[in-house]
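All remarks here apply to the structure that follows.
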């Protein structure tokens, strides 16, 4: 788990220093940030070398070429958008592809909770400050101005986003005293985050997690719902576009106000122009002067262009299909909740860009590919993915 520890350390080092560009390397980064990144590369290389005997057969399958495709896209994504977290996720995923998703989600969640606790304690003691000198506010539907804090995460919405890995770890745990203790701690953190950041989306996500087991059962029993889950990314992508073109054009409309005027801002970016690859000059200026594009699905379209957006749609559908064929419904629920959160928050994008390539590599490693059957699976029971071996 040292790979995940070093990766999380790098992410928090970026937060604790002088940057709000979480997924972007900067010449202004202090040496400590560079050192944590080097530490991550060393840990990943050592982990890959230690598991070379099991990685070697992978080179003889189509899996290896899919890994290469993912790596090439990660480089392209970085060149176009400047966001490097996709590369970090792909590297970590390749290094840990022999680990079970259950092990990684639990380990990664506990590591995230450890750093989150240190961060909150440091912020409470005045050791960690908000890097951006911005007076964050929210305008309620009745016109009242509500003050918000970023809790040292640069943006208020990031405060809950960084708690999500810990919440997912709790969700993956079987019933035990540890699960109850972690659930209580995460609930306390979520309450604190909601009070100080006034992030309504956090409550929606917590409610969705509570209904996670019911969603799992529904996906197992109803194949139609599973197909909808597989196509969730393009569906939510289409919904985002429809909301932008309809509700966004009516600034004072009910839907636009309920969504805190997000569709209106989305429309500004759409009108700013969309390139085949890369961001238009108009949107670069708009990004500096206006509100951020708070939408995980539209953000790649605006910042990366049509080509990047199409690849992400295909990639996410394949990922969900692999998870479904491996009967890993917990993983599907987690991705669905990530996507639900991303509907109204773009600040989660750097975290998703680490999280999803990581899990994609794990699911991909469970498959065997040949010419006769493009995807040939060894179906596993739900108990296996929950960390118990079926007998």
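Each residue, glycine too, has its Cβ placed from N, Cα and C.
Per TrEMBL, the feature transmembrane segment maps to 32-50, 62-92, 104-128, 149-173, 189-212, 224-243, 296-321, 328-344.
Of the candidate ranges 62-92, 149-173, 189-212, 328-344, 62-92 has the most C-beta pairs within less than 8 angstroms of the transmembrane segment (296-321). Counting only same-chain residues 6+ beyond the ends of the transmembrane segment (149-173), those with a CB under 8 A from a CB of the stretch are 15-16, 20, 22, 102, 105-106, 108-110, 112-113, 116, 119-120, 122-123, 128-132, 134, 136, 179, 182-183, 186, 189-190, 193-194, 196-199, 201-202, 205-206, 209, 212, 294, 330, 333-334, 337-338, 341, 345, 347-348, 351, 355, 386.
Tallying C-beta pairs under 8 angstroms between the transmembrane segment (62-92) and each of 32-50, 104-128, 189-212, 224-243 places 32-50 first.
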